[in-house]
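Per Swiss-Prot, these features apply:
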type    : residues                                               : note
BINDING : GLY42, ALA43, SER44, GLY45, SER46, GLY47, LYS48, SER49 : ATP binding site
DOMAIN  : 6-249                                                  : domain 'ABC transporter'
Amino acid sequence: MTRKTLAIEGLTATTVIDGQQRVLVDNLSLGVQRGRILALVGASGSGKSMTCSAALGVLPPGVTASRGRVTIDGVPYAANALRGRHVATIMQNPRGAFNPVRTMRDHAIETLQALGKLSSNPQDQIVHCMRAAGLEDVKTILSLHPFEMSGGMLQRMMIALALLSEAPFLFADEPTTDLDLVVQLRVLELLEKLVEERDLGILLVTHDMGVVARLAHDVAVLDHGRLIEQAPVMDIFQTPGHEVTRMLVSAHLSLYGMELNA
């Protein structure tokens, strides 16, 4: 069976620093399949988060996506048609993503409104997605403000809001950053479960090679905005082909007193 594929093709993003053009994402192409997790890794500043932002048309001021397109099964989509409808997103700092004066119910309703999916009785849909994200005491949680919730609860709520879109693809930008190890594991297990049960295709942005080893099927490695290597996760860890990839894997293994085989 052929899986639906989201393809980023020839994506380039640039900015101007001190009068000189600087390329942040350099002619990048990669594909995300439904039912699989592609980890996008690289050193800080390598262009991981910028790739997601450029693909979805949410670049910061002063940055321009000068070329490239995103297709699903070969059909091109404008960025504003992708966001929320075909690609949901979760960010690395959930506390900063929520309006501090609004409850979780407010955020859920506003999400449905933005998606054009608000029905006369949205409660069942909201409850279903929250439970799918591992949130059980739904009535209480919907009444809470962000400052009343832990980082793990907020990350699960962000996943629940993403599920409201029913999008087939998810861009997850450092979803376990700033979470303790136990909560990290629970979030990773949740994402894995959603891939299996909902056939989600996930583009996982992370600097943590432990997360990559635990969750990813395939890995794409960036360096200075360029895709330098892409391979199944086992190949990346056992036989990395590029020196930058070798450095990333070696640094990860050294945390456990291990070395990469020559």
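Note that the numbers count up from 1, one per residue, in the order the chain is shown.
Backbone N, Cα and C define each Cβ position, glycine as well.
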Non-site residues, in chain order, whose CB comes within 8 A of the mean position of the CB atoms of GLY42, ALA43, SER44, GLY45, SER46, GLY47, LYS48, SER49 at ATP: MET50, HIS207, LEU222
Model confidence over the domain 'ABC transporter' (6-249), averaged pLDDT: 93
Among GLY42, GLY45, GLY47 [binding-site residues], residue with fewest other Cβ within 10 Å: GLY45
